[in-house]
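**Q** Marked as transmembrane segment by TrEMBL: 39-62, 74-93, 113-130, 142-159, 171-190, 196-215, 227-247, 253-273.
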Amino acid sequence: MGDSQKILWKRPAHPDSYIPPNSFLSSLRKNPNFRPYTYWHVVALSLPATQQLATIFIFLAVFRQLNEGTLDPLFLVGATSVASVLGYSIWVAQTWLGGGYATLTLAHCGKHLRSSILIFLSLLVLSPVLKTLSAATSSDSIYALSAGLFFLNALLGDYRLGKVAPQLQESLISVLSMNAAIASSVVLASRLQQDVAVFALILFSVQVFALSPMLRRRFQHTSHLRFRITSTMVLTSAALFLSAFSFPRSISLLFFMTFAAITFVAPGALIWAQKFKNEIRGPWDVAVPKVN
């Protein structure tokens with residue numbers, strides 16, 4: 001049999017899928033687009049996920065203390081309000097230092113203030129209604145639903161670290177993840193006995209699941225790795241500290257093991273699995289068009 005010729009006007013001696021034996025292995029390529037990761041680089045990429053889990057654990061610890069009466073709801077409202085004002089001031093300063101004078105004027109600040117007051121008053125008025133939202137539902141069902149919603153929040157979280165266009169930075173904050181966390185907060189708040197406790201918990205959930213992620217994401221896209229490390233250490237330490245006073249020792253140990261697994265064990269497993277990657281490319285692959 002003669003050599004294979006790719007011409008249309010002559011009957012070929014071989015099928016269309018024929019590849020000459022001497023060129024088969026010479027054209028074979030293994031892992032052509034593979035870029036090996038380093039361990040600490042993967043650890044740095046996992047920090048946003050650790051922050052998300054730490055935020056959930058902090059909220060659960062606050063709920064436990066409100067439910068047991070060891071935390072004053074008015075103190076939580078005051079601390080949340082002060083933290084919100086401080087966080088907004090940092091956000092405004094960072095925007096101005098970044099040259100965003102046209103996108104953040106006094107009119108915009110006034111609009112943000114009116115929206116904040118409206119949300120504050122709406123939650124205050126709706127607190128008695130939210131307290132009776134699940135009065136006919138057992139606590140076991142409420143806790144199971146809350147766990148599922150928090151799992152959805154962690155699963156759909158926005159953990160990107162790359163650059164995002166300024167006009168899309170605030171709109172692409174994983175709305176489904178935030179809604180799942182707020183919904184879980186509402187069903188947990190319905191287990192509390194006081195209206196002011198319900199209001200305090202939901203106000204706290206709005207800050208930790210809606211407002212603080214926006215501020216953290218702004219700094220993660222514009223700041224150095226040190227900010228991600230510092231914020232992760234602060235949130236993780238706060239979660240472990242609050243859980244030590246809110247849950248049994250076994251639960252606190254479970255939180256610590258979860259943080260360690262997500263931050264250190266999972267990246268190590270990924271690095272270990274890299275050696276098993278075996279992507280084979282050759283002339284049999286479908287051609288990929290390159291558009292200039």
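Residue numbering: from 1, along the chain as shown.
The backbone N, Cα and C atoms fix where each Cβ goes, glycine too.
Any TrEMBL annotation is an automated prediction that lacks curation.
Provide an account of the burial state, proximal residues and distances for the features listed.
**A** Beyond the ends of the transmembrane segment (74-93), by six or more residues, the same chain brings 62, 66, 104, 109, 112, 116, 196, 199-201, 203-204, 207, 211-212, 214-215, 218 to within a C-beta distance below 8 angstroms of the stretch.
For the transmembrane segment (171-190), the list of distant contacts is 56, 59, 63, 130-135, 142, 145-146, 149-150, 152-158, 164, 197-198, 201-202, 205-206, 209-210, 213-214, 217: same-chain residues at least six beyond its ends, Cβ to Cβ under 8 Å.
Beyond the ends of the transmembrane segment (196-215), by six or more residues, the same chain brings 55, 58-59, 62-63, 66, 73-74, 76-77, 80, 83-84, 87, 90-91, 119-120, 123-124, 127-128, 130-131, 153, 158, 170, 173, 178, 181-182, 185-186, 188-190 to within a C-beta distance below 8 angstroms of the stretch.
Here the transmembrane segment (227-247) has Cβ contacts under 8 Å with residues 44, 47-48, 50-51, 53-55, 57-58, 60-62, 64-65, 70, 161, 216, 219-220, 255-256, 259, 263 of the same chain, all six or more residues outside its ends.
Counting same-chain residues at least six beyond the ends of the transmembrane segment (253-273), those with a Cβ under 8 angstroms from any Cβ of the stretch are 37-39, 42-43, 45-47, 49-50, 53-54, 57, 232, 236, 239-240, 243, 247.
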**Q** For the transmembrane segment (39-62), what are the same-chain contacts with Cβ under 8 Å, counting residues 6+ beyond its ends?
**A** 71, 76, 150, 153-154, 157, 159, 161, 181, 185, 201, 204-205, 208-209, 212-213, 216, 220, 225, 228-229, 231-232, 235-236, 238-239, 242-243, 245-247, 255, 258-259, 262-264, 266-268, 270-271
